Amino acid sequence: MELILALGIGVLTGSGVWLLLRPRTFQVIIGLSLLSYAVNLFIFSTGGLRTGAAPVLERGMAGSLASHADPVPQALVLTAIVISFATTALFLVLLLAARGLTGTDHVDGKEKSR
Amino acid sequence: MNHLVIAPIIIPLLVGALLMLIDERRRALKATLGVVSASVLLALAVLLLYLTDHTATGADATVRVYRLGDWPSLFGIVLVLDRLSAMMLVLTGILGLSALVFALARWQRAGAHFHSLFQFQMMGLNGAFLTGDLFNLFVFFEIMLAASYGLALHGSGLARVRAGLHYIAINLAASLLFLIGVSMIYGVSGTLNMAELAVRIAAVAPEDRGLLEAGAAILGVAFLIKAGMWPLGFWLPNTYTTVGAPSAAIISILSKVGIYAIIRIWLLVFGDSAGTSAGFGGHWLLIGGVLTIAFGSIAVLATQNLARLAGASVLVSSGTLLAAIGAGQAAVTGGALFYMTSSVLAIAGLFLLIELVERGRMVGADVLAVTREAFGEGEDEESDDDDAIGVSIPAIMAILGIAFMACALLLAGLPPLSGFLAKFAILAPMLAQGAEGLPFTTWALMVALILSGLATVVAMSRTGIDVFWASPAGDLPRVRLVELAPVMMLLALCVALTVQAGPVMRYMEDTARSLHGPERYVQGVMTTAAPGTGKGVAP
């Protein structure tokens, strides 16, 4: 499971960074989205990967991370998802405004002169 | 009384939300509410500063811990008010009030929801300065940035949208780095509370230490992007140049939030008690800071535009602060804090001033002036200028000119204003330990500090002469009192800093000492761990 998750995060990050460095605004925003997925998975994995762990303490058990899943990364990832969603939406609006004002979808607002 | 600590976050949140509900046409009401809120915030910040400093003789009174929801501090999020936070709150309050008053004349009409955005900006800034939790810091960073995106784009226009696109993309990427760093630190240490992290770091297993330091370094990169350290700061002058004047004045403190986060976390976590990680990354700060000063000085010399000049001086001031902090001595840090206060006020004043000056000028006059200088065409004009001797400079230009000169003195660090005292306070402790045995980097920092002052003097006097004396006469700028007053207030505060340098410096030195020996901060947070022990008892 670790290998699959690590590969998933790696592929998402790699594609995200590559797209982020591309000249079209649409590629940039998709790159940012992919990167934020990668980061969310990464945060999620810092709590340790386990299957079948209880989400909350069971009755009568002593509280220890060995007996239940770490809730903090889950809370963090939830916050991170909401924030990155909101900022991506804001970026999308700006992207459309830039397209309307400059007439091109190049990130610099003008095509590179050849 | 204890609930005062959260008020700087709650007040702008409520006022900002309320302002969104009020119709845009009721401008006077919105403006009044905004200004009242900003004034209350400033008064509150001054009160908190007074309380923090005044009760310093008490046992644990310098650090006020506020537990959100009254959860025990290691389970819930805490707000921590100490000297550094209180000082930053006051700075935010001053900038907020002056930028908002300035905006009343014109800028509030340039687009929708200016006042709400402004309140949320204040909320994000205050929250970032108060929080004692790494992830909560991320949340307040995002609030602050989201509001700053709105303010940076306020007024719209091609240049702003173009620069805003870069600004937002870079900050979104930086936020992702922030998250990676925070989660790595959590994965290794199992805590997000800064004080607990400082306690736990010494006990981190050697095989995990590399991971923790990598996490801290990634977090540091996120902060340094905000602070504009070379080579992460190329976005900064461009963005600051294009945004409207009041937005630039308030956004200019955003770079100092990056610096604040580094001061806070680096000195707390990687202090002397950090075991083998003590002082991790200090050399990077010092060298990066010196390089930033160098880059900023070249940018200052190369600019042909007043607003870009101010943007480049933000870089110089960031570099100076980073390098001085990286030097890692309490006395130097004290000087750096004084420098931060002085330069934040001066740069905000300059951003506001530039807009007033630019109003009366021809478009492209800056470029013309430099070209004329380069091609020596200025000489020919001398002959037919004879009858111009004795022509009086209009009063408003004289006032603006004097204000500009004050800004130049402050930023370049020349006597008699506080900029000089600040640079002196950074340089003096470095030399105090004797000239022999000083490491090369310290020498480099001293040379860079002095040369950056020279570059600023050269650039600002050149621009000043062009703008106020030699420029083709345009229309006189129409300046209203509400626009001039904030600039004058900021500069008057710098004069006050100069006159009252003794007590202010004493405060900064106390702050620096408690930053370098953060036992009290750690104790303050850790001892309020159990519920009901603090003053805010749960019902």
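All residue numbers here begin at 1 and follow the chain in the order shown.
Quick reminder: no glycine exception, Cβ is built from N, Cα and C everywhere.
Because TrEMBL annotations are produced automatically, they should be read as predictions rather than curated entries.
It should be emphasised that the depicted structure is a prediction, and the values quoted were computed from it without experimental measurement.
Summarising the annotation, TrEMBL assigns domain 'NADH:quinone oxidoreductase/Mrp antiporter transmembrane' to B:132-434.
Annotation comment: TrEMBL describes B:6-22 (among others) as transmembrane segment. Within the chain, the transmembrane segment (B:6-22) has long-range Cβ neighbours (under 8 A, six or more residues past its boundaries) at 29-30, 33-34, 37, 40-41, 44-45, 48, 66, 68, 79, 89, 113, 115-120, 122-123, 126-127, 130.
Packing against the transmembrane segment (B:29-51) from elsewhere in the chain are residues 4-5, 7-8, 11-12, 15, 18-19, 22, 64, 81, 86-87, 89-90, 92-94, 96-97, 100-101, 104, 108, 115, 118-119, 122, 126: each is 6 or more residues past its ends and has a CB under 8 Å from a CB in it. What TrEMBL records for B:29-51 (among others) is transmembrane segment.
Per TrEMBL, transmembrane segment is recorded for B:88-107 (among others).
Feature annotation from TrEMBL assigns transmembrane segment to B:164-186 (among others).
According to TrEMBL, the feature transmembrane segment maps to B:214-236 (among others).
The annotation transmembrane segment is assigned in TrEMBL to B:248-269 (among others). Remote same-chain residues near the transmembrane segment (B:248-269) are listed as 84, 88, 91-92, 95-96, 98-99, 102, 118, 121, 125, 128-129, 134, 137, 141, 144-145, 148, 151-152, 194-195, 197-198, 201, 216, 219-220, 223-228, 236, 239-240, 281-282, 285, 307, 310, 314, 318, 321-322, 325, 333, 340, 344, 347-349, 351-352, 515-516, 518, 521-522 (criterion: CB distance under 8 Å, separation of at least six residues from the stretch ends).
Annotation comment: TrEMBL describes B:281-302 (among others) as transmembrane segment.
What TrEMBL lists as transmembrane segment is B:309-330 (among others).
A Cβ distance under 8 Å defines the sequence-distant neighbours of the transmembrane segment (B:336-354), meaning residues of its chain 6+ beyond its ends; these are 84, 87, 91, 94-95, 98-99, 102, 240, 245-246, 248-250, 252-253, 256, 259, 306-307, 310, 313-314, 317, 320-321, 324-325, 400, 403-404, 406-407, 410-411, 417-419, 421-423, 425-426, 483, 486-487, 490-491, 493-494, 497, 504-505, 508, 511-512. Per TrEMBL, the feature transmembrane segment maps to B:336-354 (among others).
Sequence annotations record features per position, and here TrEMBL assigns transmembrane segment to B:395-414 (among others).
The transmembrane segment annotation in TrEMBL covers B:440-460 (among others).
The annotation transmembrane segment is assigned in TrEMBL to B:481-501 (among others).
Under the criterion of 3 or more C-beta pairs below 8 Å, with sequence separation of 6 or more, the transmembrane segment (B:214-236) and the transmembrane segment (B:88-107) do not qualify as touching, having fewer than 3 such pairs. When Cβ-Cβ distances below 8 Å are used as the criterion, the transmembrane segment (B:440-460) is approached by residues 283, 286-287, 289-290, 293-294, 296-298, 300-301, 303, 309, 313, 316, 319-320, 323-324, 327, 404, 407-408, 411-414, 423, 426-427, 430-431 of the same chain, each at least six residues removed from its ends.
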